[in-house]
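Undergrad: Swiss-Prot lists these features:
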{"type": "DNA_BIND", "residues": "124-223", "note": "DNA-binding region"}
{"type": "DOMAIN", "residues": "2-116", "note": "domain 'Response regulatory'"}
{"type": "MOD_RES", "residues": "ASP51", "note": "4-aspartylphosphate"}
Amino acid sequence: MRVLLIEDDSAIAQSIELMLKSESFNVYTTDLGEEGIDLGKLYDYDIILLDLNLPDMSGYEVLRTLRLSKVKTPILILSGMAGIEDKVRGLGFGADDYMTKPFHKDELIARIHAIVRRSKGHAQSVITTGDLVVNLDAKTVEVAGQRVHLTGKEYQMLELLSLRKGTTLTKEMFLNHLYGGMDEPELKIIDVFICKLRKKLDAVSGNQSYIETVWGRGYVLREPDAEMRESA
């Protein structure tokens, strides 16, 4: 999961980064509202975490500008201001949720997962595709009840495919999701990851086809062919 953190307090930012990275999130941090706006417009994040007290501009202004710019990325406000007026104002400007500092790591992670699931159209933490089950909270994968052990990158790719099931994802989208524009390898690495992911799924699924190649475009996750499932 790719997270943009806009927070000017370096100690708090570092603490939040550690919380998120311990859950294998990719975190990109800035302490300036203007830069946060630029990054939010330019890159595809799963969620933006926004502090309200920034040195160059108000967090409310960051929020308002992003929404006026048609940036639909879910935004979670993290603020030391606990007044009901602050919460109402933040939600009114287009925030998806509001958390008051200090907060517990488990609650932050749970809120992030819930917000991202809703934004992707998944109210539940489990996405099922045929016999394939991806648990977004536990970060586990099963096929017909059998656990499939994936590397971090393999899981991130399958999670993205599951969240956008039925949508063709380009190799550039995978690279951006996995590396966020930092030290990106060549595009062909995506083919390697997909090949390994398919082999692991095939080994426990009776060669049911979940990940389809869309030649010249990318890859898409689809429900396995009904006849193939019946004959398996």
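Note: Cβ is positioned from N, Cα and C throughout, glycine not excepted.
If you look at the structure here, what lies around each of the features I listed?
TA: Mean model confidence for the DNA-binding region (124-223) is a pLDDT of 88.
Residues within less than 8 Å, Cβ to Cβ, of ASP51 (4-aspartylphosphate) and separated from it by at least 6 positions along the same chain comprise ILE6, GLU7, ASP8, ASP9, ILE12, GLY59, ILE77, LEU78, SER79.
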Undergrad: According to DSSP, how is the domain 'Response regulatory' (2-116) divided among helix, strand and coil residues?
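TA: Split by secondary structure, the domain 'Response regulatory' (2-116) comes out as 53 helix, 25 strand, 37 coil.
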